[in-house]
Each structure stands twice: as structure tokens, then as C-alpha cells.
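Residues or ranges marked as ATP binding site in Swiss-Prot (evidence: sequence analysis): 652-659, 1250-1257. Summarising the annotation, Swiss-Prot assigns domain 'ABC transporter 1' to 619-845. Annotation comment: Swiss-Prot describes 244, 464, 694, 776, 805, 842, 1235 as N-linked glycosylation site, evidence class sequence analysis. If you look up Swiss-Prot, you'll see 26-46, 64-84, 122-142, 266-286, 302-322, 409-429, 533-553, 898-918, 936-956, 1017-1037, 1121-1141, 1151-1171 (among others) marked as transmembrane segment, on the strength of sequence analysis.
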């Protein structure tokens, strides 16, 4: 027992041995361990009470509430009893005992009030009470032990023990979540937001997710909800407000914005990171103290010292585990916030960006949401390391100076030199990464176009050429990336250069400079304490270099975001026309000058009209220039007034600016000079290229409008969609596909038109809505919408329609002609048709046309009949880890892998063996063998050189040889899978999902897999080597390692059942983001015109949230694993400490004990590296697995029997035979062609006509093998197409599909993609089509095709140039002139007739008068050939037939059979009789 007098000092330790060695005094425990935490907690509790009183109730009183209050009331009662006991004179006490007891009692009363408010007004248990009571329990255990050894203190000790039990009970109750008591809206919060501090510190809240992933396949529904603070809506509204006040012209503006906005989350990681530094730098003191303890085992206080050393080891290593997990978790929470902000801000700014004319706007945004965001995530992971490394270096320098004196200067100077070089590498790496990202951007731009225009690319046989161009861009990207990878190799070399040579320099200086060591030999305590500090010093240097490079990479990506946002803001601010999405209405003309000007314009353009007042004016322009920039003015000096409830027709030749004018009316074009004023906020807009979302037909038509079934039916009828829907298996629930690829061109146009009609907006802006429609369908739509009793007239809507179709002339109130140099406006009653009709063509159908508009239609393009399918999820446990590893090893090369592994093992040996060499050195010094100093120093130095050689060799081999090889092979595997995929397969798959494989998956494979692989392999081998060294120090530690390894095995087995699934979900959730961004960019003008911007932003936020869930929760389970493995290291450290203290005989020499203790420090650091690398590698390999599955599972369009090789000059003649052909787009779908039989003689010119959706395009699709046959056969020059590879067929034909596909590159590349023609031949065909005068000033054949020809009609002409310049015997044109004005169309027809001499020509058209000069005309209806004869015979047939009749194939044959040409089944078509 101990007297109270011995414990009434401030201590901290008692001087009486009877109280126990190294025992705290009771006064110290009361004044420091009790009073300090209590005082802080009371102050914070009062502030927290004030805060909670302002909160709304979130939970009800339940049994947990009453249990907690009961525990606190009992605790207060016990404290009151204890206070009374302390006041008794006979009770032994210190001078502070009564005061502490009184304050404790009073504080418990405060805690009762706080507990009540925390339960009722907070969704989670009280962090403050939990932290205080846990801390209090730890200190009270020490106080309880002290009270029980005080003489005469049994009563107060018993009472205090009861209080300790009650504190423990309350801490357990307070740590329980109050799920059952929470109100319903708070139950949707993330478990992290509803759980206790202890639960969050040890990541117990992720255990349910880990168990779910262990037992079953995860899907998005199994993931936790995000808490409110990291939800995208919250992040956007917070950051958007700050962005408005940010000057984006300043460097680093976006980065600083994120730091300011989320500073508290950033700072939340500072305290645990500082704690980690404290715990980490406690290790050298523990090593020194342990070695001292080992040398003085016989001391009187050795037992107590050993016990405290065990406690200290436990505290330090458990503290390292918790603090490291805490700061990294806060880092990733900050990254999640930054990620959510950037994705939502970019989309919001994209929604407000300027439209582009011809320049593809997609690639920059796609790179920003994929590659750049990944670089930012990776860079910010080391943000706390950047500043903490300086603290670590300073502390390490101070500690080294205590051990090595002035010898510290050269070693630390060398380390700082590495830091300086590291900063330079970081700057260089940032600029080189920018070049790499720009190369990725170019590749993704072309890849996106190929995927979205897949059918056109296939039909034109440009898929291999496009793929070769993509491969070329990939090779350039890899070449550019090598410069960046050299920086990475240099960075890693600098990191390990300090690690290897700093100890060598320090020990060499110390031993060779007598003035420094002063005859003090390098003993084990000094050597291994110094080695421990060197490990921490070099870790700080390596962390700084690594974090500096990563941060610079992140900064460069932040700057790309800033530049993109700045460009959009600059464009927005420079516009003169008001924008639709502004909150206020655009300004009207208010002054009398404006009114007078409007009167003048109206007087100049109308006869005897009363000028309207401002309320009747919809659009006003005066001497306005319109274009896409100040250098690209398209419409000059436009003066126009569009009045409400009128129809305005805009006409003009191709490239005259019709589409640009409509864009200007939406505020989407560049305005120069006086403004173009719009007196409306929203308009129904139909783009020239119909934009459709990848949704159902019904969803596209409804858009954001409320559901009105009657009006919906009226809209379908007016737009002639009812017959089409009747032929689709899913009707209006048919998904339209990427870019509407599951619909025909005419159907896409009519769905877009129906969307405009259904919206019932006052303003209709319609661009070329009759292209791709047959005459009868056009006539029906024009009458139903524009006629005297049409929907537009009845509703009093204002309509501006851009078209050259003569159907609108008699219905328009005014006509704007853009084809006469300067715009000319003509009112309806002015019969001045000459300036107009030059650009207008008649599309009325022949009288008595047999092509019935009311008949059921067939879908012409792709898989329109396919039922709505759920996206097929990739299996997440299909491939074993071994198979994926082996697949990746094969891509990088088995020999390359073996070389790299050997270099890694050499590196580990050269870095681990020096500690053993130092042990032998100090033991030799201890024996007095000081004459071999040169040997030890030289070997030490050469080991460092060997390590450096192995490091540089291994890093260069990995980054400059292995990674580029795998990058090429895996990209080629993806691209090859796409190239050989059938068209229906690609149209079924979402374009965003496919593109995500070329962006996100390859980004991970190029960056994460090699870096994580190197870190994992090196750390793993190092951990094994260091574990062996630790085990050598004691056989007991070896015995303890066995169950530890078994435990680690089961931990990783449990963890790896979930983490790859989460990574797969993470990758899958990014695909909709990319797809949504693509969809938005392509339909930007339409979305803004309809006023759907807010809806699309909300959808983007939902997609961001769905993407954030797996991303954030993956980082959480990674922290769980890191914490568990760090606790395993803590267990090893505690076991080692116990073994050393318990081994009375000193089982290991001081040298090997020093190695064990030093290796334990390095083992913890390397295990941390192994954890980070391994978790990164096993999740990054998910991307490799996705590539492997996609390349293996993607269907191939060529069948085994399609393997014959035709003659090199096939087809020689161009004879085409269809023999009883029936075709459909898949099993269970409607036949799109039924029993079609005909023969086309060599050199014939055949026109194919029929209403929209009749099967014309399906018929020519069978020729290009993009549509499979159910039965029958097709022969060209007597060779069945089913026996040939499909691309061989396409290359032999000359195809011109409906949708023009322009290759990225020069005009020369587009016209002559296979490099067969001379420049003169290319120029000739361009001149023939009227393109050369446009292209010559822009660079001629070297001009960029996309930017030089912005108008869709010009792109179509360029594709015609490609078609006409190609050699070949069979030419197939599918409605190719549908978007051309009559003048351009006439030029094209003339060129076709000239250049098709001697060729077989098939031309799909909507009306027979477009086919003058053709030998025969084929009429297709409902998938059947109903007529096939000379133009005169077909014209007579159509004129004599009733439009309401429903002819069959046989009846048509009977009517048209004459001589050599028959429509009925031909029989054996290869025989002479069949050809007679």
C-alpha cells in the first residue's frame, strides 16, 4: 500500500517505490488527466447546447433515450456520494480531490442536458460525449488503480470504480445509433452520417456493405445513400455561388475555389495527419529506449520500464493505424466533394456554352469528365503529404543531429537537393501531362464520332480506315505519354535516391570525421536509432517528391477545367443576342426610334399592311450580321420582323445560312452589329439533323411537357407516326438508340417534329423538316400543321421554317430569301416568286400516287423492332484474379515481366541487406575491430549504387517498354472488337458505355495499373524480406507470424469479394455520365430552346450521385482494409515488444534486435505502401477485366461460312440478283423485307422509291450486309454475298448512306481515304460539285474538313465527292441529296450521271421525278417490291392506281409484267431462262 502523502505531488511519477515504479501521482491524475479533458468538454458542451437549440427535432424519445439519461443520473448520484466521501476528514485525499469531485458532479448535470438535446435534435450520437467518455475511461482506469493502492482509500476507490462502470455503460449506450428513433427523412441519410464517432473511427459502418458483397453480387441498390454534404445538389449550389464571384482569368482560380469552399473538410485531415507525424516520430525514441532497456535489464525499475514500453508500443502503433485511416478518409472525402463540384459545374457551364458550327464540341468535355478528373483524384490524394513532409523532414533533421551531430548536414543536404529536383520534375510533369491529355482528347473525339456514326462508317467501308486513324492517334498519344512517364521514372528515382544514399552519406561522414564522432564508435543504439530516423527522413523526402508531382498533375487538370470554364464564360459574355436560359426576359425595343425602324421595315416588306405594335413582334433584326465568329459571317445585313401568329419561310441554297439564321433566333449564333432581339424565352426547335435522346419514342415526344393523351394522339396523327408505331413491336416504347440509330431518317425527323408540336410552345423554329420524307407524307404533314385548318394556324403559333420545299410557299405569310447576296424579305401577297423559286423545289407527289401515306411503315435502320432491353451488366465474378493477372502479363510480355520481377528483387535486396550489413558493422565495432572501416563503407556504398541501377532499370523497363506495349495491345483489343461488331450490337449498346471503355478503362490501364503494380510488387517483396528479419530476432515472433499471416489471408479474401465489384460499379456508373454529356453536347441548342436545361442538369446531378456512391464507398472500404492491416502491424509490434521484455536472457544480439526494431518501422511504412498499391491494383485490374470480357464477348458480324475470297477485280460487271429475300432485325421482330426477288443487269441505273419507312433503306442495307437475311440470297456477278466477308463486300461497293460521315483530317483524306487518286483528280471532282471555290481560300486539299465545311449540306457534298471519285462497278446512294437545295442537287445529279457511265447504280429517292435518266424504277411498300419497270411504265402505273388500294407483290407483277422485266419470283435466277 501507498501513503497519500506520496501521491499528493504534481509528479508526474511517485518517488516512493512502494507505490510502484513509474506510477503517476494522484494529484497529477486529478489535475491533468481528469481536469483538463473535463474543462475542455464542458466549454464545448455549452457551445454545442447553444447550437442544438436552433436545430429542428430529428428523433423521438425511445428506450435508448431513457437508458442514456438513466445512466447519467446514476453517474451523477455516484459522483455526489463520492463528493460526500471526499469531504470526510478520514478519507485520504489530495488538495485537488474535492474540487475535481465537485466539478465532475456539476459537469454531469450539463451532460444530461446535452445528451437530451443530442438525442432529439441530432441524427447521430454525440461525438463530443463519446470522445470525452472514452478518453475519461482510459484515464480513470489509471486513477482507479491508484486509488486502490492508497492506504485507507477502499471506500472511495469502490465508489470510483462504480462510477467507472457507469461511464463505460453510458459510452456504450451513446455509441449506439438511434435508427429506430429517427424521423423518416433522416433514415435515408448515409450510415456514416448516423453513426457514432467510434464507429466512424474504426469504419464499422461499412461492415454491412462488405458482408453484402461477400455473400452476393453487388448492384447499385445495395450501396448506401450519400450524406447531404457530399450530394451533388448541395455541392453544386455551394460552388456555383462561389464561381460567380471568381475571376477565372487568374491562374489556379478553380483550385483555390475548391480549397476555400471545402476548407473545413480539408482542415479536418490536418489534425489526424499531425497526430500521425507525432506517433511516427515516437518510433525512434522507442527504438532507442528499447535498446537501452536491453542493455540494462538488471536495473531496479526494469520491470516497470518494460511494461510501459509495451504500453507505449501499443499506443504508438494503434495511434498510427487510427490517425492514418482518419486523415486519408478526410482526404478522400475532400476529393469526393471536389469531384462532385467539378462534374456539376462543368455540366452547368456546358449547358450555357456557345453552340458550334461544324467544330465537334465533344472531345474536350469527354476528356475533362474522364481523364482529367482521374488526374485530379490521384493528385489530391497526396495533398496532406505535401505540407506534412516538410514537418517530417524538419523533425527528422533535428533528431538526426542529436545522434550524428554535424554529420547530419551532408545527408540532409543531399535529401534537400532531391526535394529541389523533385519540384522541378513536378513542374515539368505537369506541362507534359497537359500535352498527353490533349492527345487523349483528339483520340476520344474521333472514337466518339465512329461509335455514334457506326452504321454509316460500316456502310461506307471506312471502319478500317477510321480504326487505322484511331490507332495512329493512339500511337501518337503513347509517344507523347512517354515524355511524361520519363518524369515519373525520374520522380521515383529521386524518391529512392534519398532513401539509399542519405544513410550512407551520414554514416560515412560520422565515421571518417574525428571532430564529429569524438572517439565515440558507431554502436547499435546510435546506428539503428539513426537508421530509423533516416527511414523517416527519406520517407518525408519521397512523400514530398511524389506529392509534388501528383499535385502538379492535378493542378494542370484544374487549369484545363479553368480554361474550359473561362472560354465558355467569355463566349457567353461576348454575345449580343440575349440567351434563352437567362432568368429575365430579353429586352424589347422600347424607344421611339426602334418603333419607327420596325415601321420602316414592315413598310418595305409589305403592301398596305398596318404596322403591328411591339406586342405583336416576335423577332426583330436590323442590318444584323450573323455567323459563328467575327471571321465567319454567314448572313449579312439582315433586316427582318417576324410577327406573332405568322408563318415565315426561310429559303436559300446550301451554305446560304438558313440554319444559322434559325440558330441566331435562338441566341445560339454570333451576332455582329445591331442586335437581333427575341421577344420569347422558349421555342420548339427542330434541328436540321434531328436530335433525339437515347430514350423511347414516347419519352422523346413528351420531352419535359406534361402528359396529355388526347393531344399526344393528335400529334402522332399530324406527324404521320401512327402507322410507323403500329409496325413496331414495342410501339412508342421503342428505344430510338444512339443518335436515333434505330429509326429511319424520315422517322427521326418526324419524331423530332412531333416533339415540337406536342410542346405547344408559341414559337416554332423548324429546320428542313421535310428532308427524308416522301411526297405524300410531306403533303399530309404540311396540311395538318401549316394549312388553313392546320394545328399551327388554329393555335395561333409563330412558325419560322427553313426549307426549299415548294409546299410551304403558298402557306407562308412572308418569305426570307438568303440566296441573292443580301437577304430579301417578301410578304405573301407579293407575287414575286423568281427570287424564291430558284431555291425551292416541288415535292408534290404524282397525281393518284399509289404510295399510300396511311399504310403501315417499316423501320429502315438498324434494330428499331427490338424490344426495350435492360442494359446487360457485366458479371463481376466471372474471371478469377489469376486469369486477369495472366491476361495482363501476356499483354506486357512474359519475358518483360520476368525481367521486371528480377530487377525488383535485386532492388529489394540492395535496400534491405544494408541494415544487416550495418548490424555486422556495429557488432564488429563492439568487438573492437575498427580496422575494417573501408570494407564496410565501400560495400555499403556499392549496395546503394546497385539499388539505384536496379531502380532506374526496373522503372524504365516498366514505364517505357511494358506499359506502352500493354497500352497498344489492350486498346487494339477494344478497337478490334468494335470494328468487327455487327451494327445491331453497337446500336443496342449505349454509346457512352462503349466510349467509357476507350476513355476511363484505358486511362486506368495506362496509369493506375502500372503504378499500383510497381508499388505493390516492390512493397510486397520488401515486406517479406523485413518480416524475415523481424522473425530472425526471436523464434517467438516467428511463431506469432504464422497466425498473423493466416489472419491476413482471410482478411484479404473477405475484402476482395467486395472491392472489385465496387470498382466495377464505379466504372459502370461513369458511363452514363459520359453518355449524358455526349447527348447534351449534340442536342445543346434543342435542349436550351425547349427550356429543358434545368431538367437535364437535375438528371446530371442524379447521375453524378450514382457515380459518387461507388467511388466514395470504395475509398471507405479501402480505408477499412488499411486500418485492419495497420492494426495487424500494431499486433506484431506489441508481440515483438512483449517477447523482448519477457525474454530475460536476451535471445537476440543488440545488432539484430536493432535490425528488428528498425525493420518494424520500415515494415509499417512499406505495409502502408503495399496496402495502397494493392487496393489500387486489384481495383484497377477491373478495367483490364472489362477489356478482356468486352473483346471476348462482343459478337462478330462475320459468320464462319463467310470466308471466301472474290476475284481481285470483283465485281467486274455489276449484275445484282435478289432471290426470294426476306430480312429482319432480329428474332421475333417484324420482317422488314418479304420475299423480294429481282434482277439488275450490269450497268443499269435503278431508282428505288417509296414512302418513309417502306423498306427502301433496308433493301440497300442488305447489299452492304448491315442487315441479315432470314431466307433467300443476294448475288453480285453470280457470287453469293453470304459467302464473302462483309467488309470485303462493302469495299467492293460504293455506298452513300443517309447520314454523312466526315473523317477527321484533311479534305484530301476525306475524298481519297485509300490514297488512290492524284490531287488533280480530287480537285476535279470537288470543282464539279461546286466545293472547290469554298475550299481553295481555306487551304485547299489540306484544309481541315470538319471546320472548313460547317453546313450539313456541304458535308454531304464532300461525301458525294468521295463516292464519285471512287472506282467500282456498283454504286448505291441512299437518299443522299435529301439535305441539298435544288441547285446543289442538280449539280450532284449531273455528276452522278456522268460518273456512273458503265456502272450499276441504285439510288433511293422519295419521288420519281428525281430519277430522270434512270433505266428502271422500283417501288417498295411494306417491305415488298410492288412495281419494277421503266419510269414511264411505273409513272403510268402510279397514275392509274387508287391511292387507297393496297397492292400486293403478285398483283403488281400482273399489272407490270412485260417482256424481260418481271416482279414475281424469278425462280432460278442464275439460269438463262431466268434472265430472258
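Cβ coordinates are placed from backbone N, Cα and C, and glycine is handled just like the others.
For residue 1250 (ATP binding site), the spatially nearest entry among the glycosylation sites 244, 776, 1235 is 776, judged by CA separation. Closest to residue 654 (ATP binding site) by Cα-Cα distance, out of the glycosylation sites 694, 776, 1235, is 776.
Per-residue pLDDT, averaged over the domain 'ABC transporter 1' (619-845), rounds to 84. Contacts between the transmembrane segment (1121-1141) and the transmembrane segment (533-553): absent, as fewer than 3 C-beta pairs lie under 8 angstroms at sequence separation of six or more. When the alpha carbons of residue 658 (ATP binding site) and residue 694 (N-linked glycosylation site) are compared, the span between them is 27 angstrom. In the three-state DSSP scheme, residue 776 (N-linked glycosylation site) falls into the helix class. Tertiary proximity for the transmembrane segment (898-918) is limited to same-chain residues at least six positions away from its ends with a CB under 8 Å from its CB atoms, namely 496, 499-500, 503-504, 507, 527-528, 531, 936, 939-940, 943-944, 946-947, 950-951, 953-954, 957-958, 962, 1014, 1017-1018, 1021-1022, 1025-1026, 1029, 1155, 1158-1159. Reported as a whole number, the C-alpha separation between residue 652 (ATP binding site) and residue 805 (N-linked glycosylation site) equals 11 Å. Recorded residues residue 1256 (ATP binding site) and residue 694 (N-linked glycosylation site) have their alpha carbons 24 Å apart, per Cα-Cα distance. Listed in sequence order, the residues of the same chain lying 6 or more apart from residue 244 (N-linked glycosylation site) and placing their CB within less than 8 Å of its CB: none are present. Taking the Cβ of residue 694 (N-linked glycosylation site) as reference, residues of its chain lying under 8 Å away and at least six apart in sequence are, in sequence order, 735, 736, 737, 738, 990, 991, 1075, 1079. On the backbone, the CA of residue 464 (N-linked glycosylation site) and the CA of residue 1254 (ATP binding site) stand 31 Å apart. When the binding-site residues 656, 1252, 1254 are compared by Cα distance to residue 1235 (N-linked glycosylation site), the shortest distance belongs to 1254. The sparsest Cβ neighbourhood within 10 Å, among the listed binding-site residues (654, 1254), is found at 654. Under 8 Å from some Cβ of the transmembrane segment (122-142) lie the Cβ atoms of residues 24, 29, 33-34, 37-38, 41, 44-45, 48, 52, 55, 58-59, 111, 114-115, 160, 163-164, 167-168, 170-171, 174-178, 182, 186, 189, 193-198, all in the same chain and six or more residues away from its ends.
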